[in-house]
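Novice: Please find one structure pasted underneath; my questions will follow.
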Ligand SMILES: Nc1ncnc2c1ncn2[C@@H]1O[C@H](COP(=O)(O)OP(=O)(O)OP(=O)(O)O)[C@@H](O)[C@H]1O
């Protein structure tokens, strides 16, 4: 059997990756098996979120199922020789040739499409950063006293990161504002927007046109609400005037909507030729934005505008390709020694959220730092308020679900109207590490559906049922991850599924819904950008690569009040030891050497490609 076929058989590549390699073989039947296998693996890597495949690490991408041993890969030197000799493989120097669908840099193989996205993104960021930045000298006289008013901590702590972020936002065209939950990212954004408006007024200019966006409708709604609450408090305290408050929008939209989707096209209305009508673009939950979307977003920001990307790079990266926010943070952190990132990153460390019921921060920190003993000791001693550890088996789970989860979901059926049902749905959610298998979201959804409405055969289209759309449908204005509630109208007994969309609460006929599945149990990946009062986090019984530090951190931090962790000690320990590695070439695009990448020179960045 060829290596290519063996990879398909062991599920190391998908049928679609295999078909991609076969298409290359049809073009050139003499293409060696090693090249075809590398092509299929590079395509499979994209599906796992990697934008490049370091061939030396390719074995790490093979499935880790205990009884399905993946085939051995070719020795690296031979593999590289075969690739270099292939008509389908470009080195970056001759990457302009369109027939070369793969690009090989050192031992890093990429699909040309994603290689180009990374370069386009880096070029677009450099264009923004290159544009003349306003001189900080304009503001200095008034800025410091004003900062001290808006950021009172500055008086006792000159290193207050929130104030540093605000200062940076006035100077840099590109700002990455990062931090964990409750570290004050939104609070800081509100205040730095105030400063941007006031700075323009002091220069005698009109207020900057500000646009706010987030990858999902839920995250956008949360950003808008949270900014408005902060601004209203500043207004009430007399710290800003009504004109300043009015200059800052209180509505955020999804990134797709901001860019203007065109039905059935992957390009948007706004691009470099038709940039967004904005002087300042703020994108929250940026860790969820994948590489192609981030590229199109940054290209659509006008050359004279500023861009702020807000997010938590410790969370799992976007389900799609590219650990974009993390890669940009990497590049920013290594500037100027190793890279030339055209902006600034400010990280907020301190959590300010005071929840009487929940003390998650020390556990989240131990997991982030990989300190398994600290985390497990704390869990075993019930030291983290609001965190409960159930070291139980999956066999015991259905009874627990019936007792603890089902009452929350039953409450949806008794709600007064669809809006109240959707509000109630935010109170509780079962989260899983995996989609498949006995601990996966598919199995737990099937159990929960059967408990809630035994007449259903697995779908959630019943009164009070929660359904999640799993594909983008621009026609419906529904996007992958949007969750709706089934609602039977008392007058005509017809069931509709109601969604909170960009344009408000909307009903959809079940037959008209895009692809969907029950949403009583969500994978942690799908839960990103959402928060719930209470969460049950279910881990598998056998160790798997999917359980990582980032997955645990993201799953736990979805909760506002209480989380139950259903997991054995071994799984937790293995998960805390593992990092959700994503391979990306983006940081290298900023013309730097990153440690471990074995580059010999730090070439200067030279856009555009
Ligand atoms: N410097 C500060 N001093 C006191 N309280 C603060 C400070 N910064 C933020 N807070 C409070 O901490 C809470 C969390 O702040 P905020 O919502 O801005 O955090 P966030 O990082 O945006 O959170 P999320 O992860 O939910 O997006 C809010 O109640 C806010 O008022």
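Using the three backbone atoms N, Cα and C, a Cβ is placed for every residue, glycine included.
Marked as domain 'RecBCD enzyme subunit RecD N-terminal' by TrEMBL: 12-109. Per TrEMBL, the feature ATP binding site maps to 179, 180, 181, 182, 183, 184, 185, 186. Under the heading domain 'UvrD-like helicase C-terminal', TrEMBL lists 519-565.
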Novice: Report the DSSP secondary-structure composition of the domain 'RecBCD enzyme subunit RecD N-terminal' (12-109) as helix, strand and coil residue counts.
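Specialist: Output for the domain 'RecBCD enzyme subunit RecD N-terminal' (12-109) reads 47 helix, 11 strand, 40 coil.
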Novice: What's the number of neighbouring CB atoms sitting within 10 A of the CB on residue 185 (ATP binding site)?
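Specialist: Result for residue 185 (ATP binding site): 24 neighbouring Cβ atoms inside 10 Å.
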Novice: As a quick check of your reading of DSSP, tell me how many residues in the domain 'UvrD-like helicase C-terminal' (519-565) are helical, how many are strand and how many are coil.
Specialist: 12 helix, 17 strand, 18 coil
Novice: Determine, from DSSP, whether residue 186 (ATP binding site) sits in helix, strand or coil.
Specialist: helix
Novice: Please report the DSSP secondary structure of residue 181 (ATP binding site), reduced to three states.
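Specialist: Going by the DSSP assignment, residue 181 (ATP binding site) belongs to neither helix nor strand, so it counts as coil.
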Novice: Just how many other Cβ atoms lie inside 10 Å of the Cβ on residue 179 (ATP binding site)?
Specialist: 24
Novice: Can you list which of the binding-site residues 180, 181, 184 have their Cβ under 6 Å from some atom of ligand 1?
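Specialist: Only 181, 184 qualify.
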